[in-house]
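Listed features, source Swiss-Prot:
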type	residues	note
BINDING	47, 48, 79, 102, 103, 104, 105, 106, 107, 108, 109, 110	5-phospho-alpha-D-ribose 1-diphosphate binding site
BINDING	79, 106, 107, 108, 109, 110, 148, 149	GMP binding site
BINDING	103	Mg(2+) binding site
BINDING	106, 149	guanine binding site
BINDING	106, 149	xanthine binding site
């Protein structure tokens with residue numbers, strides 16, 4: 001079987017689609033929190049999880065929002081994930097009642113790292129690939145492992161390299 005380049009099996013996500021799918025994620029999570037169905041806070045994994053986290057927090061009326069910044073890609077190559085910025089320690093504890101949101105779970109390495117830090121948090125992604133699916137508690141759409149997802153914040157009419165560099 002011929003190997004495909006990432007863009008040859010691409011899944012292009014529009015702003016409307018990420019908005020709809022993020023709202024669907026919020027609806028699936030509604031009433032599922034450990035505190036009488038509520039969540040204490042939403043933590044978005046930056047950068048890709050920022051848009052879905054904002055939409056989920058709005059839909060569920062969760063005002064406490066923080067971020068964790070994990071770098072696991074250098075340009076288009078996956079590398080060992082590292083935490084660049086952690087959320088407030090007082091907020092997080094062991095993660096109980098915290099909803100951690102990302103756009104995609106791919107290999108699962110990012111979520112695996114974050115899960116070791118906050119083992120009782122609930123992990124939710126909009127999209128999931130088979131290799132990473134065991135690391136996520138809730139997701140909306142599964143895509144094949146060899147599909148490259150093109151998010152609207154990464155594209156113009158064609159892929160555009162970030163102005164300041166490659167990562």
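From the backbone N, Cα and C atoms, a Cβ is placed for every residue, glycine too.
Features per Swiss-Prot, on structure.
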residue: 47; record: 5-phospho-alpha-D-ribose 1-diphosphate binding site; DSSP class: coil
residue: 79; record: 5-phospho-alpha-D-ribose 1-diphosphate binding site; DSSP class: strand
residue: 103; record: 5-phospho-alpha-D-ribose 1-diphosphate binding site; DSSP class: strand
residue: 108; record: GMP binding site; DSSP class: coil
residue: 149; record: GMP binding site; DSSP class: strand
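Summary for the binding-site residues 105, 149: the Cβ-based neighbour count within 10 Å is maximal at 105. Across the structure, residue 110 (GMP binding site) and residue 79 (5-phospho-alpha-D-ribose 1-diphosphate binding site) place their CA atoms 10 angstrom apart. Cα of residue 47 (5-phospho-alpha-D-ribose 1-diphosphate binding site) to Cα of residue 148 (GMP binding site): a span of 17 Å. Shown are the binding-site residues 79, 107, 110; of these, the residue with the fewest other Cβ atoms within 10 Å is 79.
Residues 47, 48, 79, 102, 103, 104, 105, 106, 107, 108, 109, 110 are listed as the 5-phospho-alpha-D-ribose 1-diphosphate binders, and the farthest two of them sit 18 Å apart at their Cα atoms. Cβ neighbour count for residue 108 (GMP binding site) (all protein chains, 10 Å cutoff from its Cβ): 19. There are 24 other Cβ atoms within 10 Å of the Cβ belonging to residue 106 (GMP binding site).
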